[in-house]
Each structure stands twice: as C-alpha cells, then as structure tokens.
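Trainee: Got these off TrEMBL a minute ago, pasting:
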ACT_SITE  168  active site, glycyl thioester intermediate
BINDING   19-24, 43, 51-54, 67, 112-117  ATP binding site
BINDING   153, 156, 432, 435  Zn(2+) binding site
COMPBIAS  562-572  compositional bias 'Low complexity'
DOMAIN    10-433  domain 'THIF-type NAD/FAD binding fold'
DOMAIN    326-369  domain 'Ubiquitin-activating enzyme SCCH'
REGION    556-620  region 'Disordered'
C-alpha cells in the first residue's frame, strides 16, 4: 500500500496500462491496492488456457474472453469503488492517437512485441507523457523510465536483431534441430499455407535450376480434382525425398559432412498404414477451428512423447489434410502461430522427418513448440516483483521526483547480496532519430530501386511507421489514409512502382526525403546517397540505412557476424522482438562496468579494458514467454552476457 504522503499524487492520477497479461494482471492488482482511482487498460488478446498458470485474474471459465475486460471485472470485486476502463482493442488503432494519450498522467507498458512498443513510445513522446517500460523472462526482469527530454526514449538504444541462419544451411545442410524447425515453419508452412506471391527459398537449387523450379511449382499446386491424401504424399516425397536427392548431387557439399538419407512416404508409411491414417470426424463436431488437431484424429495424447518416423509421417499427412478439409478458407493467408495447435503439429512433424533424414535427434511436440515459438517459460513471481517496481517508479514520476528515477534489473542469482540492481537512467541519445530528430542516411541505387523498396524495407520494416507520408521538397510522393479519394490512392499506388530517378522531381544522390507518420506524430529526414552495387549476401535488401539504432551484429549459425544484420532471406529469421538491449552511455553516473560486474561478477576476466565498449543484454520478454536464444540447447547459459 502507498504511504499517506503519496496519496494526493496517486488518487488524482489517470493511468493508462497497455497489456493485461502476466505483468498486466499483477500490475492492475498492485495499482488498485496502492490507491489508484482511475485506470485504463488496452489489450487486444483473449484469454488462453496456457495463460492460467500465471495470469491469476483469469479462470478456466474465462477462456476466449477479453483479457482487459475480465481483468477489470476481477479487480473490481475487491476494489469496487475505483474506475477501471477496459479496451479490447489494438493500441495501434487510430482512435488511440496523441490526443487520447494526452489524457493520461503516465503510461505503463506491458507489451510483447517491438513494433507496438515503438508505437507507444512515439505517442508518449508526441503527447509528452512519461512512459514506464517493463519486461520479464523467466527469473530475469527489468523496469525502465522514459521521460521526454530527461531520459532516453525506448528507441535511443539498439534492440537485438532477429536470430538468422544462412539460407544454404536451412535449405541444404541443417545440423541442428532448430534448423529443421526454421525450415518447417518459415519455408514449408509458408509455402503450403501462406501468401503464394511471396518469394520462398524452399527448393534446393540443382544444376538444372529451371527444371527444378518448374517442377516445384507443379508440386505445390493443389488441383481441384486431386485427392488430398495423394497430394500430401506428393508434397512429402518432394520435400523429404526429391529435394534431398538434389542436394546430394553436389558432391563438394558432403566432403566433410554426413550425407543425408532421402525419405519417401512409401518407405516411412506404407499404403495400408496411411489408409488408416486418422478420423477427421473426431474434429468435425466443433465449430472452433483452433481446436482441430491431428493428434486427436490419430489418438496421440502426450505432447511430451517423441514420435517415431511413422508417427511423424502420419501426423504430417493428417495435419495437411485437416488444413485443407477443415480450414481451407484460411489457406493463402496463414502465418505460423505458436498457439495454433494444428500448425504446431504440422511443423513438429515436418521438422522431425527432416531431422531423421539428416541424422539429427528428434524432439517432442512440447520441445518443438518451445523452439518454434521461442518460448522461455514465465515465472509468476518475477512478474509480481516487476509490477511492484513499476508502481514505485510510477509514484516517483507522478511526484516529479526526477532525482530518484531508477532503471531496475531483476537478477536470477544474488550479486553483491542483491537480487535487484537499480541504476540511474541514461540521458537522451543525441543521435536518436526518434526523440532527437537526427537525419538518417540511406545508400541505395537510385537508378534501379523503386519507391516501394523504401516504403516496405525502410519506412515500415525498420522505422516502424504505420501511416507514412513521404515528401521530396514540396512534392508528395506517397501517402496512406482512409480519407484519400480513389484517384489519389491510385496515383500513390502507381508511384510505388516508379524508379526513384524517374520521378518528376528525381530522387537521386543528395536528395533529402521527409518521412512523417501522422498517427505517431513522428517525422524524420533521410539523406539519399546513390550507390551502384551491393553485396547480395551481406546486404540482401540492396540498400543500407545508417543512423538507425539497430544491433551492430547478428550472430549467425556459422559463428560469423554481420554488421548489416542480414546475409539471409527474411524467411529464415526467427522472431526475437521481445528482448531488449541496453548499451553503455557517457557522462552519466551509471557505468556499464559497475552494472555488468554486478550482473556478472566474472566479467572482469575479459581481456583488456574493453568493458565500456560492450553491451549489457538484458532479457525482456514482457508478460509471457518469448525470447530467441542464439543456441537453444545452451539457453540456460546465456541468460545474461556481455558482448
């Protein structure tokens, strides 16, 4: 409970919470018990069974209902006289604009993805409202304070780039189970059930690339009169048999590697077995498509069992059949979701069959789901600690107690007899393009690249803008919005496919583009520098953005680093949005050496006095359970490290 001297600041405050999950449940309870009277909650999620072990405001009967609304009802039972306003919506919806954010004294984030966090950070800056960020992963957690002009904003420091793997490793030479998961999730699943127009590196390139590609197109197309069982076997034989035989044809590749063994459906699962392959009717009684399960059809019950090759083959074919028979309307628009049981079953089976072919140990569905969904199981106690720390910082912010603001790290093991490590916040980063409006620089071939490349690869993917406006001087090149008439929409759509140098006001070397997002009230400038050639492996986007706070290196499976975060296709990336990285600064009382030594006493053994150049990586997974480790098998040894 808050002390008496804090009461006026608390009772008069209007607080916005974004997220009502693991941290959110604890936070709402703690706010209510601390005397806060006016709380608003935004969360677009509904309650799932997997939430119930730590999101204590929810019960079995609440599954499928709005998290924000159920959390409100639960807290009002023991604090009936306070005001809690729930919004079952996406915080990026247009109605949650800058004017909406200005209504609040402080914003408390409990989000689970980088894109939404950036969005809230920008709205808080535009509205001049303090933001308190938080995150947990297992026993680790952190709380950070962001006040415009006084501390760094959420985007002042780099966030780790997604873990990537070389395309050739994924498609041709996997050596770890995670490689098989990436292949099954990002390539095969996307090829069969995702956007057909997207490029896909699924097919191994043979010496006769044209014929291979041509055959691949025929294989993956499901004809209307084609029996689904035969279609499934055709896919199976192509990806686990033919493609591996193509890979084997390159003798040079296998000189120092174990040769894989192609697997065909007739060998893994004879016809008489496949004809008994499942009872679709076991899934037919429900209208809930999310409950459709190949395991249920086949009578497989324990997700911690490691299936045999035959069982994996049966699950593979049964899952594919169920997608086409029960969820056919979704095909062509699907992306992998760790909470989609049928998708997890399909990916697990496909990864295990591929692992068998390459002599890699098999994994259970439980283990495979953890890898595919980047899961680190949450700890309710950590969420409770972090929620308490958020409220402490909230009270300081409301009292304008700037000298006592703290960024606090929750550690797994006591260090210097401390489990909580408070440190002073950083000052704003003068080179941050979000809060300091520092111009960015983009190297690009202006004679070949199109405006679409800048919009998709830079403005949306890297800068995280949702409704961008792009101007060259007084010329408006691109705009999106519901208020545009059809003629304008067509003109801007046509502009997307124009080469940069072919605009009436050509975009060439030395051009300054102005980019603005009206919803986020964020604007920045990009200096264009023409560059003729790019390294396809190291710079696959065909452009290089400088001045953008991105991780300086990406650890790849071959142990090499890449300063431009990308010698692979986007299809081979595992999501790592839920982690946060804090980099050392200058001119502050908080020293990286002090923090890093406290977090990891062994850090002093690093050769040379290089600590001030390092980066302290603090896991940040928010309410649930997602973080991508460089090496899943050694995850427990990498919860904190100095790079």
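For all residues, glycine too, the Cβ spot is worked out from N, Cα and C.
TrEMBL: automatically predicted annotations, no manual curation.
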Trainee: How about long-range neighbours of the domain 'Ubiquitin-activating enzyme SCCH' (326-369): same chain, 6 or more residues beyond its ends, C-beta under 8 Å?
Mentor: 48, 50, 174-177, 179-181, 183-186, 188-190, 192-196, 236, 239-240, 244, 258, 260-263, 268, 280, 283-284, 289-295, 303-307, 309, 312-313, 315-316, 319-320, 375
Trainee: Tell me which of the binding-site residues 43, 112, 115 sits in the most Cβ-dense spot, judged by other Cβ atoms within 10 Å.
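Mentor: Compared across 43, 112, 115, the most Cβ atoms within 10 Å surround 43.
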Trainee: Measuring Cα to Cα, tell me the gap between residue 22 (ATP binding site) and residue 153 (Zn(2+) binding site) in whole angstrom.
Mentor: 24
Trainee: Is it possible to list how many residues within the domain 'Ubiquitin-activating enzyme SCCH' (326-369) are helical, extended or coil according to DSSP?
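Mentor: So the counts come to 26 helix, 0 strand, 18 coil.
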Trainee: Since the record lists 153, 156, 168, 432, 435 as recorded positions, which of them has the fewest other Cβ atoms within 10 Å of its Cβ?
Mentor: 168
Trainee: For the Zn(2+) site given as 153, 156, 432, 435, which other residues of the same chain have their Cβ within 8 Å of the site's Cβ centre?
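Mentor: Apart from 153, 156, 432, 435, the close residues are 125, 152, 154, 155, 428, 429, 434, 436.
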Trainee: Consider the recorded positions 153, 168, 432, 435 and say which one has the Cα lying nearest the Cα of residue 43 (ATP binding site).
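Mentor: Comparing Cα positions, the candidate nearest residue 43 (ATP binding site) turns out to be 153.
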Trainee: Nearest to residue 153 (Zn(2+) binding site) by Cα distance: which of the recorded positions 19, 53, 112, 115, 168 is it?
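Mentor: Answer for the nearest of the recorded positions: 115.
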Trainee: Hey, how far is residue 19 (ATP binding site) from residue 156 (Zn(2+) binding site), Cα to Cα, in Å?
Mentor: 22
Trainee: Taking Cα atoms as reference points, which of the recorded positions 53, 112, 168 is nearest to residue 432 (Zn(2+) binding site)?
Mentor: 112
Trainee: Consider the binding-site residues 53, 112, 115 and say which one has the Cα lying nearest the Cα of residue 156 (Zn(2+) binding site).
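Mentor: Closest by Cα distance to residue 156 (Zn(2+) binding site) among the binding-site residues 53, 112, 115: 115.
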Trainee: Can you give me the same-chain residues 6 or more apart in sequence from residue 53 (ATP binding site) with a CB-CB distance under 8 Å?
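Mentor: Looking at Cβ-Cβ distances below 8 Å from residue 53 (ATP binding site), excluding near sequence neighbours, one finds 380.
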Trainee: Considering only the recorded positions 112, 115, 168, which residue has the minimal Cα-Cα separation from residue 435 (Zn(2+) binding site)?
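Mentor: Minimum Cα distance from residue 435 (Zn(2+) binding site) across 112, 115, 168 lands on 115.
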